[in-house]
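Undergrad: Sharing a structure with you now.
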Amino acid sequence: KTEGEEERKEQREGESRGQKTGVWGDGNDKDPERKPVAPSLPPTKNPNDRTLRELMTSSEYIGLLLWFTVIVTPSQYYVVSIGYQMERKGDTDGGYTRLFTLLYGGSALLAPLGGMVADRFGVGFGQGVATLLTAASFAILLSPTLDALQVFGIACYGVGRLFIFAIYFSNIGRRFGFAHYGTLAGTGMLTSAVVSTLQYPLYTVAIDGGVDAINMACLVAVLACVPYTVWLSLRERRETLGKASRLPT
């Protein structure tokens, strides 16, 4: 081979390396018009490609199931006991109970807001909002006074409960896909329905004189769900950043 042929061969090999690594020539110089691509993270497996068993035994689904079950039970107790609790605070004519019915029904108007929160900030953040609103409603019930604060607490409950169910179903679709959507959603509904029958013995204890203790227990149970919502929100954020890093520059 001639000297010219050897030089052309080395040039072609250098260009081939440069196309793969973004490094050109002898490895010390970079083509100013070409940017090296950062190594990408392994892609997240499409939830629609996972089996039902994989989804139902995943830590994320178990966490969602626990969150939904734990938070629905106090929410059901709230509905059963609100009339008695307002009467106990001095609502002898049932005005606050009727107001609860109006605010609870009117909270449906905020359903688009719940969807917007999930779309913009993630379902973990939305579940956190639902959890804190529900916790606020129980914290306010601990106040013995019958005033505007109770109205605010009732409003918090209505919006919080709306977010609980709306974002629960949104979570399943967004995080687990739609291949097994019905089974996953139905399992959570069944589990929460069975466990939430505890609302009746809780109400019995409340009218027997333990209403403040039950309200406090419900508040603690709801607040115990907050770390899960923070974990899920951070996980969504990491996934978003990972996807952004794999985009071509």
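Even glycines carry a Cβ here, placed using N, Cα and C.
What TrEMBL says about a protein is an automatic prediction, not a curated fact.
These came from TrEMBL, pasted as-is:
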COMPBIAS  1-18  compositional bias 'Basic and acidic residues'
REGION    1-50  region 'Disordered'
COMPBIAS  27-36  compositional bias 'Basic and acidic residues'
TRANSMEM  61-79  transmembrane segment
TRANSMEM  99-118  transmembrane segment
TRANSMEM  125-142  transmembrane segment
TRANSMEM  148-169  transmembrane segment
TRANSMEM  181-202  transmembrane segment
TRANSMEM  214-234  transmembrane segment
Undergrad: For the transmembrane segment (214-234), I need the partner stretch with the highest count of C-beta pairs below 8 angstroms, choosing only from 61-79, 99-118, 125-142, 148-169, 181-202.
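TA: Most contacts with the transmembrane segment (214-234): 125-142.
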Undergrad: Compare 99-118, 148-169, 181-202 by their Cβ pairs under 8 Å to the transmembrane segment (61-79) and return the stretch that comes out on top.
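TA: Looking at each of 99-118, 148-169, 181-202 in turn, the most contacts to the transmembrane segment (61-79) are made by 181-202.
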Undergrad: Counting only CB pairs under 8 A, let me know which of 99-118, 148-169, 181-202 has the most with the transmembrane segment (125-142).
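TA: Of the candidates 99-118, 148-169, 181-202, 148-169 scores highest.
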Undergrad: Other than its close neighbours in sequence, what residues sit by the transmembrane segment (148-169), given a CB gap under 8 Å and a spacing of at least six beyond its ends?
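TA: The answer is 64, 68, 71-72, 75, 78, 82, 86, 89, 96, 99-100, 103-104, 106-108, 110-111, 114-115, 117-118, 123, 126-127, 129-134, 136-137, 139-141, 185, 188.
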Undergrad: Residue list, the transmembrane segment (181-202) vs rest of chain: Cβ under 8 Å, 6 or more residues beyond ends.
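TA: Those are 52, 55-56, 61, 64-65, 68-69, 72-73, 75-77, 80-81, 168-169, 172-173, 214, 218, in sequence order.
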